[in-house]
Each structure stands twice: as structure tokens, then as C-alpha cells.
Amino acid sequence: MRFLTAGESHGPQLTAIIEGVPAQLPLLAEDIDRELARRQGGYGRGRRMQIEKDRVQIVSGVRHGMTTGAPITFVVENKDWKNWTKIMGAEPISEEEAEKMRRKLTRPRPGHADLNGAIKYGHRDMRNVLERSSARETTVRVACGALAKVILKACGIEVAGHVREIGGIRAEETNYATIQELQKRSEESPVRCLDEDASKKMMAAIDKAKQDGDSIGGIVEVVVAGVPIGLGSHVHYDRKLDGKIAGAVMSINAFKGVEIGIGFEAARLPGSQVHDEITWSEEEGYKRKTNRLGGFEGGMTNGMPIVVKGVMKPIPTLYKPLQSVDIDSKEPFAAGVERSDSCAVPAASVVCENVVAWEVANALLDTFGSDQLPLIQAAVERHHAASKEF
């Protein structure tokens with residue numbers, strides 16, 4: 001599968017076109033809307049989320065609740081568009097009109113795409129960069145991931161995410177018996193954290209950041225359970241699934257690091273405390289005693305749950321802005337201020353879930369075919385049985 005997104009933060013809509021989705025997949029708008037609503041939640045979100053109530057329109061590739069195999073188009077309208085029709089419209093306006101609207105951005109925000117994008121594409125108004133580089137685009141990336149989750153669930157694979165850290169406050173109690181328990185407990189927390197004490201401290205830290213006109217980041221974790229052995233490949237660098245997942249996570253706005261399994265901790269431990277011993281039983285087939293490698297060996301899944309962590313930096317838009325330079329006058333000024341969040345880590349955990357789900361679903365279809373769901377499901381079942389008896 002592949003997808004292409006289009007649209008600006010304050011434009012009329014966001015659009016995604018997805019190609020390669022199997023036919024005979026039951027798909028409803030509510031499957032997508034559920035993930036969109038989760039993305040809009042989480043403690044620390046800004047005023048924009050009070051305006052937008054994201055709902056998807058499925059305008060192609062699905063008929064009577066079933067995919068046809070044709071390209072699928074998702075559209076999500078921006079409710080705030082009505083306030084930006086002149087500013088963000090496609091029709092030309094005069095410089096005088098543009099000046100009156102006072103929405104021209106000439107003071108780049110440190111940590112954002114503003115200045116680099118303006119230099120690259122020759123924009124004197126950095127709004128042309130801001131509007132597309134905004135995390136608002138993750139709305140339709142989540143929609144694509146929601147579709148991927150439907151495919152995975154139909155093949156017995158579940159995805160869940162939670163927050164491990166916000167503003168230096170770490171969750172200590174992160175144990176869970178099943179991925180369903182992880183999903184439930186994460187959803188019950190305003191910051192999607194499994195540790196109740198840490199959740200309260202995280203919310204207090206978010207409140208303080210908001211009061212100080214600042215922002216804070218954190219660490220999220222995504223778990224994928226029920227994965228067949230052998231997704232991805234060792235035969236070439238660009239077919240390694242852990243590499244694809246790492247690249248996808250790093251492509252999320254404001255993400256600056258990624259770990260698979262114990263990640264960087266592996267550099268501090270001897271091999272005997274890093275690699276997972278292999279066992280076999282008639283009931284379960286091949287398993288690992290531990291899962292320090294996060295479900296991957298040689299760029300391929302080993303049947304254990306995939307475990308991925310992503311590091312999100314603090315959002316660069318600050319209500320007490322850092323120093324910048326006006327690109328017109330070259331004089332020092334405080335950076336521009338746009339409506340933003342104090343902390344988007346809980347929402348980012350949902351984005352990360354769906355980005356990882358997309359990569360795993362793609363690998364699943366690469367391995368087991370992609371024409372129609374019943375054939376894929378049968379192939380996955382045969383593979384599970386063959387792996388157990390190997």
C-alpha cells in the first residue's frame with residue numbers, strides 16, 4: 001500500500017489517497033473516526049481542538065461498507081476554514097489586503113520548519129511553510145493508520161500505545177498482562193499513562209508549562225501483538241521492517257529519537273543480557289524467554305510483540321517566544337506565535353500507534369498478498385501453523 005496526503009492546516013480540508021488496499025475488507029467511517037477522536041484528546045491540547053471535531057468522509061474505494069480494491073480517498077474538513085477563507089484561499093489577493101489581515105509570518109520560530117522551508121522554496125511569507133509543516137497533517141496520517149489497524153485486526157494483530165514519560169516524569173508502573181489491558185488502561189488516563197501517580201505529576205507539569213508560556217515533550221511506546229514470524233526481510237537494507245518503522249516514527253512532527261525494544265540500553269549491557277533465548281513447545285511453537293529486542297531479529301519479526309519507543313521534543317511554538325530575526329528587516333524580534341499546545345505527547349502516542357500500524361500492515365501484505373482479505377487471512381493462518389511445526 002501507499003498513500004499521499006494533501007492540504008494545509010487552515011485550508012478547506014485534508015485529503016489522503018490510499019492505493020493497494022485489499023478488496024473485501026469491511027470498513028466504516030466510524031473505524032476511522034474512532035482514531036481521529038483519540039488523536040484530538042489528551043491533556044495539554046490547545047484551543048484548536050475545541051474548534052475541530054474531525055470526521056472522515058470516505059469518497060472512493062468503499063461501497064456498502066466493503067473495500068473494492070480501488071484507491072480509497074479520505075477527506076477531513078477543517079472547521080476553522082471559515083475564518084481563513086481569504087487568507088488561505090487559492091485566488092490572488094493584493095499586498096494591501098494581505099497587510100490588513102496581518103497573518104504574514106516573517107519571524108521564524110526556533111525549532112520549526114519556518115526559516116529552512118522559506119529559504120528552500122523562496123517564500124517571503126513563511127505561512128506557506130507553516131501551513132503544510134503543521135502537525136495538523138497527522139490527522140490524515142492517523143486516518144491511514146486507522147485503515148491499517150482494521151487490516152491488522154482482521155488478521156489477529158492488535159496495536160496499542162501509551163506514554164512512558166512527559167517533562168522528565170517517568171512512569172514506573174508499566175506492566176500489563178495483555179494488549180487489551182494496555183489499551184484499556186491507556187484510554188482511562190488523561191495523559192495515556194499506565195502509572196496513576198505519574199499521570200497526576202505529568203498533568204501538573206503540563207499545567208506549569210502552560211502557565212509559564214512554555215512547552216514540554218516526552219516518550220511514547222507502541223506495542224503490536226499477534227505478529228507472524230518473518231515480516232520484513234534480512235536480504236536487503238530497505239526491506240528490514242524495523243528500519244521502516246524507525247523511519248516512519250522519525251517522520252512524525254517533533255519526533256527526535258526512536259528505540260526498538262530496550263534500544264540504547266543495549267549499548268550498556270553484555271550480549272548475554274541483551275539477546276532473547278529461544279524456546280519451543282508443541283502448544284506455542286517458537287518463543288523467546290524475554291523480549292529485549294522488541295520483536296525483531298535481522299530486520300524481521302520473530303513472533304514476539306513489536307515494541308517501539310519514540311521521543312517527542314517540546315512543541316516549538318511558545319507563548320513566551322524565543323529570540324528570532326525578522327527576515328524582512330533582519331532586526332532581532334521575538335519569534336512568531338501561533339495557536340498551539342503546551343504538550344501534545346498523549347496525542348502523539350496515538351499518531352505513533354497509527355504510523356507503526358501502517359508499516360506493519362504493509363509488511364503483512366507484502367508477505368501474504370494484497371488482492372482480497374479472505375485470501376490474506378487464510379495465508380496468515382497457514383503461516384502460523386507452519387511456523388509452529390517448523
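Numbering starts at 1 and runs along the chain as displayed.
Here the Cβ of each residue, glycine as well, is placed from N, Cα and C on the backbone.
Keep in mind that this is a model prediction, so the values were computed, not measured.
Record features, source Swiss-Prot:
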BINDING   ARG39, ARG45  NADP(+) binding site
BINDING   ARG132, SER133, SER134, ASN253, ALA254, GLY298, LYS313, PRO314, ILE315, PRO316, THR317, ARG339  FMN binding site
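When the Cα positions of ARG132, SER133, SER134, ASN253, ALA254, GLY298, LYS313, PRO314, ILE315, PRO316, THR317, ARG339 are compared pair by pair, the longest gap among these FMN-binding residues is 44 Å. Under a cutoff of 8 A between CB atoms, and with a sequence separation of 6+ in the same chain, the neighbours of SER134 (FMN binding site) are GLU8, SER9, ASN253. In the three-state DSSP scheme, LYS313 (FMN binding site) falls into the coil class.
Counted over every protein chain shown, other Cβ atoms within 10 Å are most numerous around ARG39 among the binding-site residues ARG39, ARG132, LYS313. There are 26 other Cβ atoms within 10 Å of the Cβ belonging to ILE315 (FMN binding site). ALA254 (FMN binding site): 19 other CB atoms within 10 A of its CB, across all protein chains. Of all Cβ atoms in the protein chains displayed, 21 besides its own lie within 10 Å of the Cβ of THR317 (FMN binding site). Between the CA atoms of ARG132 (FMN binding site) and ARG39 (NADP(+) binding site) there is a gap of 18 Å, rounded to the nearest whole number. For THR317 (FMN binding site) paired with ARG39 (NADP(+) binding site), the C-alpha to C-alpha distance reads 19 Å.
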